Amino acid sequence: MPPTPTASNAMVTGVVCFYLVAALSMVMANKWVLNITSAPMFFLLTQLAIAVVLFVSANAMRILPDRLTFDLKICKALFPMVALSLLSLTLSNFTLKYVDASFYQVARGLVLPFTVAISGFVLHTSPSLRILVACALVTSGFFVGVFLDGTALPLTGVGFGVASSTVTALHSVVIKQSLNAVNGSAILLSWYTHIMSVVALSPIVLFFEGPAVSQLLFPPLAGTPDASAALRTFIWGSLITGGVGFSMSLASLLSIKVTSPITHMVSSAVRGVAASLLGVWLFKDVVTSGRASSIFIILAGSVYYTWVKHQEGEAARQNEKEAAADVRLADMEGGKGKEGAGA
């Protein structure tokens with residue numbers, strides 16, 4: 001069997017940079033629009049709809065590795081995962097609306113420990129001591145950011161962040177099972193998530209944000225002088241985030257596929273630091289020593305967790321190879337024994 005070709009340094013660098021730029025653009029553009037709109041769910045719906053159009057266009061030009069389908073049986077199988085995904089995106093947008101861009105990562109800092117806890121409960125697995133240490137480190141970073149930040153924090157934003165972390169952790173567990181419904185295709189999974197989310201979110205937006213959407217799309221109804229400027233910001237922000245959202249469907253996959261999990265997590269850590277710095281520059285966020293310490297502790301715990309998981313995965317694979325070799329050796333010795341008995 002020929003060895004799997006490895007990616008060149010230029011390709012790895014390009015993919016990591018692509019992932020960083022896409023992720024940072026998404027957070028900053030989201031915050032830019034959420035600062036001026038009172039219809040965050042409609043903003044999410046617009047992003048998803050633009051991504052769906054881009055998926056269809058890419059499929060028509062045959063640039064996707066998998067052909068897009070729409071099967072009601074697959075939709076039914078993916079419904080729990082899509083519901084969690086939609087709820088996670090909604091809560092993330094509300095979190096970003098109520099907290100500074102530089103605090104967003106702290107507000108959602110419990111994703112890792114919640115994921116480990118829920119995975120252990122659902123899959124009946126026991127995390128190692130080093131995994132628990134990593135989770136404890138991340139959790140301590142969250143509490144440092146919340147209680148030692150030194151600035152007034154909106155409890156609403158922190159609450160949305162904790163709720164978002166919980167739902168994201170549930171989603172990360174369910175998504176592994178959902179891949180079976182699309183034969184392991186991450187592209188198809190992303191496609192079904194987007195198209196089903198648009199269908200599910202449309203009536204919700206109409207019911208809860210109908211008046212706000214009308215005032216946004218028709219500035220004279222708002223009766224404020226900056227309504228037209230808000231609409232322009234919304235349109236440009238939607239186009240940017242919709243396009244970047246589609247790119248993010250590929251960016252994370254490429255980052256994990258072309259690079260190692262550790263490189264992917266380190267690039268995520270760099271993204272977190274860069275997001276905080278951009279928040280200070282673009283939105284005049286205040287980063288106190290407590291907030292900076294919190295971000296550092298969360299990132300350190302996340303990187304340590306990824307390193308431990310990588311080490312444990314390598315050890316498990318090595319044990320499997322040794323066990324397979326022992327089985328082959330036993331089969332060979334058993335075959336020789338039968339030959340000797342026959343003689």
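The backbone N, Cα and C atoms fix where each Cβ goes, and this holds for glycine too.
Whatever TrEMBL says is automated annotation, not expert-curated.
What TrEMBL records for this protein:
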type     : residues : note
TRANSMEM : 7-29     : transmembrane segment
DOMAIN   : 16-305   : domain 'Sugar phosphate transporter'
TRANSMEM : 41-65    : transmembrane segment
TRANSMEM : 77-96    : transmembrane segment
TRANSMEM : 102-122  : transmembrane segment
TRANSMEM : 129-148  : transmembrane segment
TRANSMEM : 154-174  : transmembrane segment
TRANSMEM : 186-208  : transmembrane segment
TRANSMEM : 234-254  : transmembrane segment
### Task
Look over the recorded stretches 41-65, 102-122, 129-148, 154-174 and say which has the most C-beta pairs under 8 A to the transmembrane segment (77-96).
154-174
### Summary
For the transmembrane segment (102-122), out of 41-65, 129-148, 154-174, 186-208, most C-beta pairs under 8 A are with 154-174
### Query
What same-chain residues lie close to the transmembrane segment (41-65): Cβ under 8 Å, and 6 or more beyond its ends?
33-34, 89-90, 93, 187, 190-191, 194-195, 197-198, 201-202, 204-205, 208-209, 212-213, 216, 234, 237-239, 241-243, 245-246, 249
#### Entry: Across the domain 'Sugar phosphate transporter' (16-305), average pLDDT on the 0 to 100 scale
82
